[in-house]
Amino acid sequence: MTALTALDTKKKGGGVSADLLKLLALVSMTIDHYAAIVIYNGNLYGFSTEYHEMAIATAEGKRLMQLYHIFRTIGRLAFPIFAFLLTEGFIHTKDRKKYFFRVLLMAIFSEVPFDLCLYNQWYNFSAQNIGFTLSLGIAAMYFMKKFRRKSILKWTSVLICAALAELLRCDYGALGIFLIASLYNFRKEKALRIASGIFFSISLSLANFGAAALSFIPIFFYNGEKGRIPLGRLFYFYYPLHLTLFYLLIYFGAKITA
């Protein structure tokens, strides 16, 4: 029996690779963040309530608002795929502690551009970026593995990580941790893994009619292979860099004036 998970396809080379899933998640995330940062905070909000009321009253503002909702719905696909890939990375990595610290370091470096994009402030503790959610997800999986024969300790660890995600106001909060934990817990049972993933994804995206659940269509066809797209550890660099770029776009970009 190979080390591949239960979601692998029988025909080697068929299906969807990890790299293709990662690319899909990156594209979805970029579209989502463009909508939230450039369209909304830049064009429609401008970090000013008075400006926002003026902007959405214009014809251009109404068109941008429609585009904003479409892009945000597309963006719901990203997190479940990243959560799934995180569990796969945890399963196959040779050093789980290094894996945790890589993600945590990305989260720390991303927090300033994240706060600038959301609040136009260098530091704001109202919300923390997705890197911290993923870091807590790795911690949850670590303790799930450590206490795999002690159910009470195992699930108590998950609840503590979920509580920390809420306390720290991490992106997606406790539901994000529960999604990661469920995908890891049912890693050898395809039907339960997909079903639990869909359940928590719908819960995460009720405002967008459960659109996040659609991410499990490509995940269903995951073949357990890395793939041939040379993405490597692109996400660690891309995440803070694209936030920085989008903030520069709204900082130097023009707002709606009429």
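Yeah, the Cβs are placed from backbone N, Cα and C, and that goes for glycine too.
Remember, TrEMBL labels are computer predictions, not curated facts.
Under 8 Å from some Cβ of the transmembrane segment (20-40) lie the Cβ atoms of residues 64, 67-68, 71-72, 74-78, 81-82, 84-85, 117-118, 215, 218-219, 222, 227, 229, 231, 234-235, 238, 242-243, 246-247, 249-250, 253, all in the same chain and six or more residues away from its ends. The feature transmembrane segment is assigned by TrEMBL to 20-40 (among others).
The transmembrane segment annotation in TrEMBL covers 67-87 (among others).
If you look up TrEMBL, you'll see 99-116 (among others) marked as transmembrane segment. With a threshold of 8 Å between CB atoms, the same-chain residues lying at least 6 positions outside the transmembrane segment (99-116) that come near it are 86, 89-90, 93, 122-124, 127-132, 134-135, 138-139, 142, 233, 235-236, 239-240, 243-244, 247.
Listed as Cβ neighbours of the transmembrane segment (122-143) (distance under 8 Å, sequence separation of 6 or more from its ends, same chain) are residues 79, 82-83, 86-87, 90, 96, 99-100, 103-104, 106-108, 110-112, 114-116, 153-154, 157-158, 161-162, 164-165, 168-173, 176-177, 180-181, 184, 239. TrEMBL lists 122-143 (among others) with the feature transmembrane segment.
Look at TrEMBL and you will find 198-222 (among others) tagged as transmembrane segment.
If you look up TrEMBL, you'll see 234-254 (among others) marked as transmembrane segment. Sequence-distant neighbours of the transmembrane segment (234-254) (same chain, 6+ residues past either end, Cβ-Cβ under 8 Å): 22, 26, 30, 33-34, 37-38, 41-43, 82, 102-103, 105-106, 109-110, 113-114, 116-117, 129-131.
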Beyond the flanks of the transmembrane segment (67-87) by at least 6 residues, Cβ under 8 Å:
18, 21-22, 24-26, 28-29, 31-36, 39-40, 44, 103, 130, 134, 137-138, 141, 171-172, 176, 179-180, 183-184, 187, 197, 200-201, 204-205, 208-209, 211-216, 218-219, 222, 235
